[in-house]
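Since the structure comes first, as structure tokens, the remarks are kept for the end.
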Amino acid sequence: MTKRYSIGYALAPKKQKSFIQDSLVNQSKERGIDLIKIDSDKLLTDQGPFDCILHKLSGENWVQQLHDYVVKNPNVLIIDSPNEIEIVHNRVSMLQVVSDLVICNNQNGTSTNTAAATFGIPKQMVIHDVDSLMDLCGMEAHGLKFPVIAKPLVADGSAKSHKMALVYNREGLSKLKPQIVLQEFVNHGGVIFKVYVVGDYVKCVKRKSLPDISEEQLVGISKEGTMSFSQVSNMTTENRAGGGNYYDHIEDAVMPPENLITDIARGLRQSMRLHLFNFDVIRDSRIGDHYLVIDINYFPGYAKMPCYESVLTDFFCDIVQGKQNLEGVKKEEEGCPVTSSVKEERMLVSNNCSADAGEEH
Ligand SMILES: Nc1ncnc2c1ncn2[C@@H]1O[C@H](COP(=O)(O)OP(=O)(O)OP(=O)(O)O)[C@@H](O)[C@H]1O
Ligand SMILES: O=P(O)(O)O[C@H]1[C@H](OP(=O)(O)O)[C@@H](OP(=O)(O)O)[C@@H](O)[C@@H](O)[C@@H]1OP(=O)(O)O
Ligand SMILES: [Mg+2]
Ligand SMILES: [Mg+2]
């Protein structure tokens with residue numbers, strides 16, 4: 001009889017509702033994977049046994065519970081390590097990973113496979129306190145000019161962490177509450193590209209974004225100087241921020257070069273050692289084929305991705321059979337430092353793979 005695998009999931013109720021659909025549970029079941037809900041009211045060590053734990057919870061208590069579970073069940077796979085997820089909970093460290101990306105055969109940020117296409121991140125600066133907020137010299141020093149986007153520094157998935165404001169002038173700055181990141185607003189034709197990564201799988205889709213801001217609009221801006229908004233790409237026609245000039249024909253928008261997107265996705269996956277994330281990309285209208293990564297999200301809304309059930313089921317099968325890349329182990333072999341918890345975890349992962357190699361589903 002073919003071995004069955006058990007994957008425990010620990011997700012907030014909203015995420016559970018969108019992600020754990022019957023279609024996913026059934027497809028996985030047919031392929032030998034049982035998706036089991038982890039009860040957050042009970043100790044994790046009292047549940048299972050699980051071959052793998054998928055999670056999008058955080059906090060000291062949860063991290064400790066995961067640790068205790070790994071100690072008790074050394075063969076479990078944790079997707080993903082809380083340490084690694086932390087990097088994308090801060091809007092500076094998440095984009096630093098992009099800046100640090102070195103893509104093979106790459107010069108000046110240009111992959112040789114992708115003709116003239118280049119990528120980077122928008123200019124940005126962190127504001128830690130109210131005093132530095134009104135210091136326009138600080139903005140100048142970072143090459144920032146209005147309009148800018150103010151984003152909470154922390155991107156931990158709380159509603160607060162998604163509250164953004166477009167800031168048009170000095171007056172607008174005074175309304176902001178640090179700690180925030182001030183990021184240059186880059187005109188990009190009102191279309192955003194969301195790149196979903198599921199292990200080795202990469203899928204880029206288009207979504208609507210904030211509309212461009214013209215020089216004329218900037219002159220005629222209200223005294224308020226800010227416009228608040230939240231989660232634009234999930235907005236409906238009725239509740240769009242500012243009601244502005246949204247681009248309604250995203251189907252006409254040209255996709256970014258596929259090689260560039262997969263190169264960035266692979267690079268990010270390897271350097272962050274995460275399996276489940278997406279990143280947002282915009283095409284900088286000021287420069288030809290230049291793309292900016294503006295956001296990275298851990299365990300995003302996969303249910304909005306085409307054929308998410310089969311993509312995720314393939315991933316689950318690969319992971320329990322040890323077919324996915326094990327970046328942690330690779331990095332270690334290359335001499336890169338790996339934290340002890342990750343080291344421990346990856347060693348466990350590799351043990352599990354060899355034990356299961358050859359299993360059929
Ligand atoms: N630098 C920028 N220039 C122009 N538009 C931007 C920029 N940064 C963000 N935006 C717009 O604001 C939206 C929200 O920004 P961002 O993706 O950083 O927020 P978020 O709350 O983390 O989003 P998500 O829901 O994807 O987690 C983007 O989808 C895009 O429409
Ligand atoms: O469901 P969650 O609460 O995890 O919300 C995530 C949301 O997915 P949803 O569509 O299922 O709401 C994601 O949307 P897409 O990028 O895929 O469009 C993205 O906005 C993430 O940033 C959110 O994660 P958070 O930053 O809040 O942790
Ligand atoms: Mg985003
Ligand atoms: Mg985000």
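Glycine too: its Cβ is placed from the backbone N, Cα and C atoms.
Residues Lys15, His162, Asn297, Gly301 are given by TrEMBL as 1D-myo-inositol 1,3,4-trisphosphate binders; from Lys56, Lys123, Lys203, Lys206, that same site also lists Lys56. With respect to Phe185 (ATP binding site), the closest of these binding-site residues in Cα terms is His162, chosen from Lys15, Lys56, His162, Gly301. Least crowded of the binding-site residues (Phe185, Phe193), judged by neighbouring Cβ atoms within 10 Å of its own Cβ: Phe185. Between the C-alpha atoms of Asp280 (Mg(2+) 1 binding site) and Phe193 (ATP binding site), the distance comes to 6 Å.
Checking the binding-site residues Phe193, Ser209, Asp280, Asn297 against ligand 2, the ones whose Cβ sits under 6 Å from it are Asn297. The Cβ of Arg91 (ATP binding site) lies under 8 Å from the Cβ of Gln124, Lys151, Pro152, Leu153, Val154, Ala155, Val181, Asp295, each on the same chain and at least six residues away in sequence.
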